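**Q** Structure in structure tokens, see below.
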Ligand SMILES: Nc1ncnc2c1ncn2[C@@H]1O[C@H](COP(=O)(O)OP(=O)(O)OP(=O)(O)O)[C@@H](O)[C@H]1O
Ligand SMILES: O=C(O)[C@H](O)COP(=O)(O)O
């Protein structure tokens, strides 16, 4: 990929910096319930402050569809950031306009302002150039540190970059470096673990990874489409009937490429989709007709843990079962523990897997947890990320 300019390539002293972050964090009752993404942005913000920049932060929160939504205001994230930095963060209730310009005009070096949710404007998600210009007019430099939103071509992630010198922040740089290095010059054996609910969401990832990995491990709801494609009964388990041929074509591609393709050998099945369901462990070829597979079974756990232990690099995206319910958490929990124990380099591809390693208290033991769900998936599919492509070339 073309090298992009970074913050370190510019003299930022006294400059107004429009810094796009991803503060799209879980909230409840107006409070931030998981501040991982805010903490991940701190190094960039501290760097800007230490350089004497005037820091203008911008983010989206939720999907307010171009309208002001009281529940999606960013002030609570600004408050949390202030606590983390031990410094005042002034949260505004607009992201463009005269009042914002006035507030920025009185900023001193090292001051921090957090603009209001950029998605309150319709033009944001449309990548409207007028809005991009309005954002750009507030600043001298654009820093993109929002890896989580880098797969979106929006006014504050991509459009603005054509109006200002546009450089990457430390988090964006680190995410690209770790994920990029993993995919371009992996240490081997290289294992990818793909789970989650739907084959359709992971087609691109599985296809792309089959060109790169030594082992591909499949778990979660999407396994059953593969098991059915191999001719077995899967009862009421999740299945995508129109993806059976595709599933078999992946197994075939793996054979041709010499990639070891691992499917569950047993499952924890339930008589209904409920936390209080009756459950049992069965061989994957013996799922009763009116039961459903909701987790990988103990033999599969042992098999997968062994592959993880013997790998030098492991990328994980998507849970092994319905880990939100204690009866079906064992597969995801055990894979998380195996990831924590391996001496290989471990990368968590954001989203639910990141939530799972937090839930099972092994986040600290992972080498890299991506702050991007969709963004890390698209990156692993080999797609260009608009928020990165738009940055100024070196
Ligand atoms: N066997 C299964 N049957 C039904 N649902 C399952 C099964 N295994 C896992 N799931 C569910 O899959 C969901 C996660 O899958 P999904 O594809 O939506 O997210 P993901 O893979 O984590 O993607 P991202 O990381 O981008 O958020 C979880 O809520 C989990 O309960
Ligand atoms: O949470 C995310 O994956 C990013 O913040 C992007 O959010 P979006 O899917 O609403 O664009």
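Even glycines carry a Cβ here, placed using N, Cα and C.
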**Q** Please pick, from 16, 37, the residue that TrEMBL records in the substrate site together with 22, 23, 24, 60, 61, 62, 63, 119, 152.
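**A** So, going by the record in TrEMBL, that would be 37.
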**Q** Among residues 22, 23, 24, 37, 60, 61, 62, 63, 119, 152 annotated as binding substrate, what is the maximum Cα-Cα distance? Answer in Å.
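**A** The substrate-binding residues span at most 18 Å between Cα atoms.
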**Q** Among the binding-site residues 293, 350, 351, point out the residue whose Cβ has the most other Cβ atoms within 10 Å, with all shown protein chains included in the count.
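**A** Its Cβ has the most other Cβ atoms within 10 Å: 293.
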**Q** Checking proximity to ligand 1 here: which binding-site residues out of 119, 202, 351, 352 have their Cβ closer than 6 Å to it?
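**A** So the answer is 351, 352.
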**Q** Under a threshold of 6 Å between Cβ and any atom of ligand 2, which of the binding-site residues 22, 24, 119, 293, 350, 353 are retained?
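**A** Cβ under 6 Å from ligand 2: 22, 24.
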**Q** My understanding is the cutoff is Cβ-Cβ under 8 Å with a sequence separation of 6 or more in the same chain; which residues meet that for residue 202 (ATP binding site)?
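**A** Spatial neighbours, sequence-distant, of residue 202 (ATP binding site): 194, 196, 222, 317, 318, 377.
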